[in-house]
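Annotated in TrEMBL:
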BINDING   A:Asp80, A:Leu81, A:Thr82, A:Arg110, A:Gln124, A:Asp128, A:Arg273, A:Tyr277, A:Tyr278  L-histidine binding site
DOMAIN    A:1-350  domain 'Aminoacyl-transfer RNA synthetases class-II family profile'
Number of protein chains: 2
Amino acid sequence: MEIIKPSTIAGVMELLPDEQKVLDEMKTTIEETFKDYGFSSIDTPVIEKNEVLFAKGGGETEKQIFEIASDSKDMSLRFDLTVPLARYVSEHFSELNFPFKRYQVGKVYRGERNQKGRYKEFYQADIDIIGHNELSIYNDALLARVIFEAFKKIDFPNVTFHINNRKLLNGFFKSLEIEDSTEVLRTIDKKDKIGLDKTKSLLNDIIGEEKSSKTIEFINADLSNSETLENLDGLANTDSYNKGLEELKTVYDYMVKFGVSDKNIKIDLSITRGLDYYTSTVYETFIDGYESIGSVCSGGRYENLASNFTKQKLPGVGMSIGLTRLFYQLKELGLIEDKKKSEVDIFILPMDSKFNFYAIDVLKRLKEEGKQADIYLEKGKFKKKLNYADKINANYVVIIGEDEVSKNEVSIKNMETGEQFNKSIDNLDFGN
Amino acid sequence: MEIIKPSTIAGVMELLPDEQKVLDEMKTTIEETFKDYGFSSIDTPVIEKNEVLFAKGGGETEKQIFEIASDSKDMSLRFDLTVPLARYVSEHFSELNFPFKRYQVGKVYRGERNQKGRYKEFYQADIDIIGHNELSIYNDALLARVIFEAFKKIDFPNVTFHINNRKLLNGFFKSLEIEDSTEVLRTIDKKDKIGLDKTKSLLNDIIGEEKSSKTIEFINADLSNSETLENLDGLANTDSYNKGLEELKTVYDYMVKFGVSDKNIKIDLSITRGLDYYTSTVYETFIDGYESIGSVCSGGRYENLASNFTKQKLPGVGMSIGLTRLFYQLKELGLIEDKKKSEVDIFILPMDSKFNFYAIDVLKRLKEEGKQADIYLEKGKFKKKLNYADKINANYVVIIGEDEVSKNEVSIKNMETGEQFNKSIDNLDFGN
């Protein structure tokens, strides 16, 4: 028979079981945290209609899409979880309760060019709160609290939320009489990549030196949060600016109240998050000490989630963790290694198949106690069996041979300490 | 703006949050059960290379595939989790420990014609145990135990495993001097659909009346398991028959030993499970009283998992739950309704936004105790707020108004009984 080389397509993350376990646990913990705050799970299909995916117009995204081959060329794989959310909320509008709080952790697809750390298939973990007609600004702080707790629970208690407000930015630019701020925002967005000097010289070209200086001064002040807020007070005086400042203050105050402490927040006026979508709060989240890997959770508030699909006004706020990319980066930094845990707690090892029934009785007793336990049923030398138990990282091996059976006992080996002790099968506790 | 009608592609299952929760919980429970027996999770990409997917030759499956549109036409969506498993085990062979026990719960894709209960995207929950060179027959019984426990934990304790052995069948046909049993097996496989009489008349045409009678008698005996086994003893005498009978006996004995009791097993000689793949044990699983929905978990033992991808001999045994289809059928039977549970345990409801900070303190206290709790932050009349709490099925509503704040209390309403009582915020237990 012809042998075909077994390989995945390029640009996907496929893990061995010990690493998969770490990723699975991160995923589960994040989901549990979302659930604990009353977010509902939804699970939309991976394939969507093209008319849904491109309702907003394709643009850059369209080039990256995985389209399903068919005569009608009318469906593709989703490239994010936000378009499906908009479609879901519109389609099921009358059956949902608003504010609608949903989470979805799922794979999305983009035809990225092959390069390290870029994936064609990757998990996103999204939470959004969608209102009908209105949604209080307090939710923007609640969301940060939920994300803060999720990171804490996956062992990253030290993260910093960089927050800003798009109304504030727009109002500021208006006060400088910059009518079209699109190009300015786009330039600011690149600041971390291109550096401050380059940003400044680009801004000089667009809006002239004076406005450029004021803009740089505005976005780059390295002040405490309270100093920044004080500084912003009265700095401009347009409706948008004042409204934005009020919102930013409220979100900051509520975040602190919700237990995201001041040191985990940075009011950062250089955060812009893309150009069209967000209309108020925007956030990026950085792991302290690992800022170089970029934002690990981003999002913001939008005026209207689903104007392409419904006439209902659906304002919302959402954040998204790029889970696959985060995992890749943590792995690169060596932060996954010590999270790899044992595959099995208790491994039962009959020395000969004639002890199998006895061993199965032991397994059943352990299962009644809710233990994680596995049994070895293959033939082979004792050493080979013990070697396997070691390789799968069993915490305890329960050895069953002639001696043990004759005494109604088992012999328990603690694989970490090497200790070995006998226990009656009627009293299978694993302390010494 | 032009409004695009929001809709999914045809033939996918998309659930509202209350039903999604039931499906999610079934999925999690099944995964937890697999893990508890030492099965490792793997998560292979949804997109695979065509050369991998069709290594065995396409056949019927190829027509159902969702291919990714591209010039090279070289990738498609997986149509099951077995081919990806074969690819995974071959690709990562040297990094895995054998026996390799893996589970995977994931979506697979088939271009089914649109009809009720048939899905283009559906979850499969697979477990397999893969050996290197050999794998003891005892694993076939262990697998049934794991599946039995999974069904018990998702509240279907009454299932029956129909088991058979392909060697036994082949050996029996050989003893009747039926050289090519393919057509005979295919006919038997249809028995439940076409009825016994039609099966018999079809068999008459293929192998003549005498052999047909013997075959029908063989597959259709309605006996107890011990009677069947007794009956089979010496009924034929070919190597394959004897080997198959020995295996079947062992699997039955071990299943009973593993705690799948005799009443949950039916040795059913009419079970054949497809034609090429399985070489020994085959199983189908039925929910007692709902046999008409068909097998809810099927599988069997195979000689060699991955002969297309590696020269290593990898015998294995596996079972698969068609989760989406199962859920659909349970829903149709009305068995999902009472499983729908509350979305949120405790819902905190400040009567005015001036009590928000007080309410957030209450939330933080409840979170410290690990409670599932959510907070309402919108403006609006009290009635509207309470109505929302009712709609999202909160168990308790914590009401915070002028009175409560002045006394450092909260008012707790049990939404099921309607009872309402006050508690100090320092003592937030939810009993009366």
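Backbone N, Cα and C atoms are what each Cβ position is placed from, and that goes for glycine too.
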Model confidence over the domain 'Aminoacyl-transfer RNA synthetases class-II family profile' (A:1-350), averaged pLDDT: 93
DSSP three-state assignment for A:Gln124 (L-histidine binding site): strand
Maximal Cα-Cα distance (Å) across residues annotated as binding L-histidine, namely A:Asp80, A:Leu81, A:Thr82, A:Arg110, A:Gln124, A:Asp128, A:Arg273, A:Tyr277, A:Tyr278: 22
Sparsest Cβ surroundings (other CB atoms within 10 Å) among the binding-site residues A:Thr82, A:Gln124: A:Gln124
Structural state of A:Thr82 (L-histidine binding site), classified by DSSP into three states: helix
Cβ atoms near A:Arg273 (L-histidine binding site) (within 10 Å, other residues, all chains): 19
Position of peak Cβ density within 10 Å, selected from the binding-site residues A:Asp80, A:Tyr278: A:Tyr278
